[in-house]
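The following features are taken from Swiss-Prot:
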REGION    1-28  region 'Disordered'
TOPO_DOM  1-60  topological domain 'Cytoplasmic'
BINDING   Gly69, Val72, Asp416, Ser417  Na(+) 1 binding site
BINDING   Ala71, Asn76, Ser316, Asn348  Na(+) 2 binding site
BINDING   Asp73, Ala143, Gly147, Phe315  (R)-noradrenaline 1 binding site
TOPO_DOM  115-133  topological domain 'Cytoplasmic'
CARBOHYD  Asn182  N-linked glycosylation site
CARBOHYD  Asn190  N-linked glycosylation site
CARBOHYD  Asn196  N-linked glycosylation site
TOPO_DOM  331-336  topological domain 'Cytoplasmic'
BINDING   Glu380  dopamine 2 binding site
TOPO_DOM  427-441  topological domain 'Cytoplasmic'
TOPO_DOM  491-520  topological domain 'Cytoplasmic'
TOPO_DOM  568-615  topological domain 'Cytoplasmic'
Amino acid sequence: MLLARMNPQVQPENGGAGPGSEQPPRKRKEVLVVKERNGVQCLLASRDGDEQPRETWGKKIDFLLSVVGFAVDLANVWRFPYLCYKNGGGAFLIPYTLFLIIAGMPLFYMELALGQYNREGAATVWKICPFFKGVGYAVILIALYVGFYYNVIIAWSLYYLFSSFTPTLPWTDCGHAWNSPNCTDPKLLNSSVLGNHTKYSKYKFTPAAEFYERGVLHLHESSGIHDIGLPQWQLLLCLIIVVIVLFFSLWKGVKTSGKVVWITATLPYLVLFVLLVHGITLPGASNGINAYLHIDFYRLKEATVWIDAATQIFFSLGAGFGVLIAFASYNKFDNNCYRDALLTSTINCVTSFISGFAIFSILGYMAHEHKVNIEDVATEGAGLVFILYPEAISTLSGSTFWAIVFFIMLLALGIDSSMGGMEAVITGLADDFQVLKRHRKLFTFAVSFGTFLLALFCITKGGIYVLTLLDTFAAGTSILFAVLMEAIGVSWFYGVDRFSNDIQQMMGFKPGLYWRLCWKFVSPAFLLFVVIVSIINFKPLTYDDYIFPLWANWVGWGIAGSSMVLVPAYIVYKFFSTRGSIRERLAYGITPASEHHLVAQRDIRQFQLQHWLAI
């Protein structure tokens, strides 16, 4: 492939004419051109002559591992298996796979192509439709919110890992300083009581449950979100270590993060395989796996099954956080992002499915040991990985080894996902503000330190309430809304046909009709459906038996609204900050920056019916 450099006279972004345009001093532009095998020359990048060229991944595998590492996170382990079990087992795979094909993969593909072609972060990528730049700011803010509490979950895993380096795991028995007088060894409990009155997984007084809630969280010392107390020094130290690891993984950009993921993205698969092989040899494991895979097609008649499948496929793939756009922006221009989208999204979903075998083999073992039904031990979320699984491990031969291995896996799953979220923030803002790009290391430190400071609220004695609030509202309806606007902005305002031409310039072929129809109709409809359902199904926030006060719910909606409001707010700002008539302001707002000179010539594609009908 031939790489050539040219230095033509490039027109300013606003075209230099018309009432809505500005005329900044002309700068020399450097255009990189790739000459493909068929002789067609494609634009690789355009930048000011005094700017540094955009870095790229050291190797293609660095990019793939980064995407897989981000998408495959803790939810693959603690949420999907339980959803599959409670929604008809194998039958749940039907709506899950359907939504993967018609919505998950198309959105995944769209974000990779968008970032790779424009070589920009989540905010500046909207030079394709300036009015929608607020969408970029919204997803950056959401990614920042997630960083506030996600790092705390990683810190919990690190604390558990340190606690595992003992001959006897601290959650094996009672008698520790954190245990209550009610602490009871589960082996001594009456199984009929567990089976008839409460789920085993919700039983509060087992050593594992008390270690988590009293030894780690110190939840018993808080009466609610209004009484969170001070940060706990043990978790504070763990959080500091996590933030330091994240900082040094990101401070030099993808050159360093691309190497870290060789460990963090591959290690979980090795550990998962080891846990699976050992798990299926345990007594009762087959019962757990049978419960996981049982097929109940009648459950497909229930709307909740389809809703769970839709929301899980969306959040599992991680579209909308600006991460995929940021990662793809460091690809080579002619990289085959179509193949990457299919490969990485498939790996993510297959991982979710396989992890269910490792989880339910252990749950079957737990049910067998305590002579209860599978439904009495099956659960999701933090209770699964910080109570049930550790308790099961404590009963195994060589429990210390298995605990260390398991929590190393959780650490790896969390670290690379958190790296992705922070990279979205750093790349998104650094591309928008050149001063931040010139001082990337300092900016990376500022982002890391900022997330650390806000995370302090989540490691207090009532921190779990703050974490639950953020987890529910920071990236719930708001991220669904942001991706809906992203899909509309790309498919309708920028245009599916133009977007397809961009992809053809990169890879030499246009997306098929199937992808174009999904982008324009199916994916937006899917997202609209999920947004509406998330609002309709909203219930006042709770944590176990604790009901959050009304004001806490309003604070949560304020957090959600703070990101969503950026979308219309930026449209209003852009409209009133642009000079010209109403028609001209609208035209400049929905026309790609590179075509603003056409607006001055009144050649406005978006004002023609053909633009909106094109596929």
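Here the Cβ of each residue, glycine as well, is placed from N, Cα and C on the backbone.
Mapped onto this structure are the features recorded in Swiss-Prot.
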residue: Gly69; record: Na(+) 1 binding site; DSSP class: helix
residue: Asn76; record: Na(+) 2 binding site; DSSP class: helix
residue: Gly147; record: (R)-noradrenaline 1 binding site; DSSP class: helix
residue: Asn182; record: N-linked glycosylation site; DSSP class: coil
residue: Ser316; record: Na(+) 2 binding site; DSSP class: helix
residue: Glu380; record: dopamine 2 binding site; DSSP class: coil
residue: Asp416; record: Na(+) 1 binding site; DSSP class: helix
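It is 6 Å from the Cα atom of Asp73 ((R)-noradrenaline 1 binding site) to that of Ser417 (Na(+) 1 binding site).
Restricting the recorded positions Ala143, Gly147, Asn182, Ser316, Asn348 to those with a CA within 10 Å of the CA of Val72 (Na(+) 1 binding site) leaves Ser316, Asn348, listed by sequence position. For Gly69 (Na(+) 1 binding site), applying a Cβ distance below 8 Å and a minimum sequence separation of six or more within one chain yields Val261, Thr264, Ala265, Asp416, Ser417, Met419, Gly420. With a cut-off of 8 Å between CB atoms and residues at least 6 apart in sequence, the same chain places Ser316, Asn348, Thr351, Ser352, Ser355, Leu413 near Asn76 (Na(+) 2 binding site), listed in sequence order. Under a cutoff of 8 A between CB atoms, and with a sequence separation of 6+ in the same chain, the neighbours of Phe315 ((R)-noradrenaline 1 binding site) are Ala75. Most Cβ neighbours within 10 Å, among the binding-site residues Asp73, Glu380: Asp73 holds that distinction in the structure as shown.
If one looks beyond the topological domain 'Cytoplasmic' (115-133) by at least 6 residues along the same chain, the residues whose Cβ comes under 8 Å of a Cβ in the stretch are 13, 45, 54, 139-140, 322, 324-329, 331, 333, 335, 337, 424, 427-432, 485-486, 489-490, 493-494, 502-503, 505-506, 567, 570-571, 574-575, 588-594. Residues of the same chain lying 6 or more positions beyond the ends of the topological domain 'Cytoplasmic' (427-441) and with a Cβ under 8 Å from any Cβ of it are 51, 120-124, 136, 139-140, 143, 251-253, 322, 325-326, 329. Put simply, of the recorded positions Ala71, Asn182, Glu380, the one whose Cα is nearest the Cα of Gly147 ((R)-noradrenaline 1 binding site) is Ala71. Residues Gly69, Val72, Asp416, Ser417 make up the record's Na(+) 1 site, and a Cβ search at 8 Å around their centroid adds Ser66, Val68, Phe70, Ala71, Asp73, Val261, Thr264, Ala265, Pro268, Ala412, Leu413, Gly414, Ile415, Met419, Gly420 from the same chain. Averaged over the topological domain 'Cytoplasmic' (491-520), the predicted model has a pLDDT of 96. The shortest Cα-Cα distance between Asn182 (N-linked glycosylation site) and any of the binding-site residues Ala71, Ala143, Glu380 is the one to Glu380.
Panel annotation: around the topological domain 'Cytoplasmic' (491-520), residues 36, 38, 40, 42-43, 102-103, 106, 109-110, 113-114, 116-117, 128-129, 131-132, 333-338, 590, 592, 605-606, 611-612, 614-615 of the same chain, lying at least six beyond its termini, place a Cβ under 8 Å from a Cβ of the stretch.
Overall, the recorded (R)-noradrenaline 1-binding residues Asp73, Ala143, Gly147, Phe315 cover a maximum inter-Cα distance of 16 Å. Counting in whole angstrom, Ala71 (Na(+) 2 binding site) lies 18 from the residue listed as 'dopamine 2 binding site' by their C-alpha atoms.
Counting Cβ atoms from all protein chains shown, Val72 (Na(+) 1 binding site) has 28 others lying within 10 Å of its own Cβ.
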